[in-house]
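Student: My questions will all concern the structure given below.
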Amino acid sequence: MPVTVTRTTITTTTSSSTTVGSARALTQPLGLLRLLQLISTCVAFSLVASVGAWTGPMGNWAMFTWCFCFAVTLIILIVELGGLQAHFPLSWRNFPITFACYAALFCLSSSIIYPTTYVQFLAHGRTRDHAIAATTFSCVACLAYATEVAWTRARPGEITGYMATVPGLLKVFETFVACIIFAFISEPLLYNQKPALEWCVAVYAICFILAGVTILLNLGDCTNVLPIPFPTFLSGLALLSVLFYATAIVLWPLYQFDQRYQGQPRRSMDPSCTRSISYIQPNTVCFWDRRLAVSILTGINLLAYVSDLVYSTRLVFVKV
């Protein structure tokens, strides 16, 4: 099956940085980096699991992140060592860097969320010490995954898979930010009484699905099944997402913080943000903070989609 690849930004690092099907793959720079990822995530979840310091949604997220990253990194190492790239069900041009980008973002979020919403409320002692150490190893893992992305991303003039290009990596970032937005708007009371806010939620969902479909098409080498050329699909998707997010960046803050639309311009006006409630439920985020976070994340994703649109026009596609 012909594969759509891009000429513009990459070094195909899997072939140049590792020796396929050999134990020497672990002694190459990329192999050593993946060993560091494997060890740091393993130590992180082991430290937390040994003292049970992962109860509640924030602790569960951190534990999931470290276990998931450890498991997938182990699979990648096994495939590299066994020379099984041709038998892997997903595109090996696109899968490792896609995972590395997601893993870097996952570990970054855990390295921030876990200590700020969970560890600081633990009593001083062995449990807290283990949690702090786990956070440190999470930071190490984040840096290791980010380094892999920097090493394996596309370089100008080279041929590689789409996910190694700037637009491909931006797709990963866009879906990750959308997932964070979904976490903040998980309480329907934030939006279900105003059609404008419901539209914003629809925007987040539609753009997330479209970006996710793009990633899956590339991971499955299925870009040729589209009824339109893949470059046209990418440009249209980026333009549509920019237009949608442009409406959300106006409507969400307007209806959440403007008193003319029953919004709350000040944090003190939100009963869920009172100090007594925050003390009783330290791991929760009050409604006003959620609204502000979604506003900021909407702006961040809008910038990402604008960059995606600009970079997508600079890609040159070839068939191999």
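Note: Cβ is positioned from N, Cα and C throughout, glycine not excepted.
Fair warning: this is a prediction, and the values are worked out from it, not measured in the lab.
Annotations per Swiss-Prot:
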DOMAIN    25-157  domain 'MARVEL 1'
DOMAIN    162-317  domain 'MARVEL 2'
TRANSMEM  35-55  transmembrane segment
TRANSMEM  61-81  transmembrane segment
TRANSMEM  95-115  transmembrane segment
TRANSMEM  131-151  transmembrane segment
TRANSMEM  165-185  transmembrane segment
TRANSMEM  197-217  transmembrane segment
TRANSMEM  233-253  transmembrane segment
TRANSMEM  292-312  transmembrane segment
Student: Which of 61-81, 197-217, 233-253 shares the most C-beta pairs under 8 angstroms with the transmembrane segment (95-115)?
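Tutor: If we count Cβ pairs closer than 8 Å to the transmembrane segment (95-115), 61-81 scores highest.
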Student: Would you mind giving the whole-number mean pLDDT across the domain 'MARVEL 2' (162-317)?
Tutor: 88
Student: Using DSSP, how many residues of the domain 'MARVEL 1' (25-157) fall into helix, strand and coil, respectively?
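Tutor: The breakdown for the domain 'MARVEL 1' (25-157) reads 109 helix, 0 strand, 24 coil.
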